[in-house]
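Student: I grabbed these lines from TrEMBL:
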DOMAIN    91-216  domain 'Heparan-alpha-glucosaminide N-acetyltransferase catalytic'
TRANSMEM  97-120  transmembrane segment
TRANSMEM  132-150  transmembrane segment
TRANSMEM  162-182  transmembrane segment
TRANSMEM  202-220  transmembrane segment
TRANSMEM  240-258  transmembrane segment
TRANSMEM  347-368  transmembrane segment
TRANSMEM  380-401  transmembrane segment
TRANSMEM  407-429  transmembrane segment
TRANSMEM  449-469  transmembrane segment
Amino acid sequence: MGMYELIKEEEIIIGMGDSNKKFLSMEDGFTDKDMELTSQNLHPPSKSTNIDVGHDNNQIMIKPSSLALIASGDHAGGGGGGASSSSSKRRLVSLDVFRGLTVALMILVDDAGGVLPAINHSPWDGVTLADFVMPFFLFIVGVSLGLTYKKLPCRVVATRKAILRALKLLILGLVLQGSGYLHGLNDLTYGVDIQRIRWTGILQRIAIAYLVTALCEIWLRGTDVVKSELSLVKKYQFQWILTLVLTITYASLLYGLYVPDWEYQIPSESTSFSPKTFSVKCGVRGDTGPACNAVGMIDRKMLGIQHLYKRPIYARTKECSINSPDYGPLPPNAPSWCQAPFDPEGLLSSVMAIVTCLIGLHFGHIIVHFQDHKDRILSWMIPASGLVIVGFILDFCGMHVNKALYSISYTFVTAGAAGILFAGIYVMVDVCGFRRPTIVLEWMGMHALMIYIFAACNVLPFLLQGFYWKKPENNILRLIGIGS
């Protein structure tokens, strides 16, 4: 899965350390105060608590009289120790911890996936540990946007800044993932080959999902007062309508488009020989296999096959690898499509990625509009559990869980799992105050972009391998079973 992208870029969107905030700045800072995507919020007071909203930075300020109600959920780790201060800013620590956990999971499956194929991405149908990372990031982006835009002084300004942020993510994604800007670094031939640059990628996908979700939150919400779950749905009814439209559009294209026969070329190992041409027979509709699905067809037509990911995930299937579920030599009589490029972050599959982000946005709305811990947890757990159940029912009925296609069942299962995990972390960290065991994950969550860039540029593995005991072979990566 290559340095597989599971990206901290939403770090750009959600919480970066002070050392990273100037990265990619184009104005007065990537996270300017009134639009900062650092999920800043308090530990929820009780329903009767008086709260003041700080208009300067969109943070909720708890009055001193209500600080005691935070009790074990106090970020200071004590029981209402902040009651003596005039005012206190509280951060939703559980979101940082969740992001940090996702970053740690990304590093694990990226570096250990080759050694432990069972945790690597599923070769096609099915879901593994690695397949949860991307949806978790998208879910976190959605939650953060719900907190970010709880106050909108000017929709036009907010729109402009959201577009700029998305563009920064796109550019960063092209630099880090566009066919490898650092390819050939050792022989000083690094750079981007425009003829084969990869236009899509994890950062690019998150940029698209972020932009669409941000615009929804800016322009598609009502003025209703939220008093219940039903009124919450009514306030954001147009966002739910868009979510339904996106899902129907995806299903219609995936199962309705006709996929004709197609062919591709693989360059010969010797420059004196012509490229090898392979033909793939299709002529079907609604196929969800590796060769003849509409997701790949749309990318080939619109992006160009030369711009797609060159190491397809289905090359690890039994049909294409004698070492399945790992990569390996082709078996005898392997299908012609085994070496064909396929982008796991393609155009059609990104439609459902947006849906994941919109689901996360709903969870952010619950934080904003419900102050009681119990109300929040129930409002999270019921839909999250329902999504997981419906997702597996769809899988049982033939709409398989598939990360490469970002199928509807995959969207439901992973988004539901994200909601359940987030609720659990919220209870542990923000309600019960067990913050010390998660301090490392919290730090990783606040510096996710920096960590991702280090990993993408191979700086992180270089640093880890640089520390060894007596012999270079006895390094940290070798100790934990990663690397050779």
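Each residue, glycine too, has its Cβ placed from N, Cα and C.
TrEMBL does not curate its annotations; it predicts them automatically.
Quantities reported herein were computed from a predicted structural model and do not represent experimental measurements.
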Student: Please determine whether the transmembrane segment (132-150) and the transmembrane segment (240-258) are in contact (criterion: at least three Cβ-Cβ distances under 8 Å, sequence separation 6 or more).
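Tutor: No, the transmembrane segment (132-150) and the transmembrane segment (240-258) are not in contact.
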Student: What are the DSSP helix, strand and coil residue counts for the domain 'Heparan-alpha-glucosaminide N-acetyltransferase catalytic' (91-216)?
Tutor: 81 helix, 3 strand, 42 coil
Student: Among 97-120, 240-258, 347-368, 380-401, which stretch has the highest count of C-beta pairs below 8 Å with the transmembrane segment (202-220)?
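Tutor: Of the candidates 97-120, 240-258, 347-368, 380-401, 347-368 scores highest.
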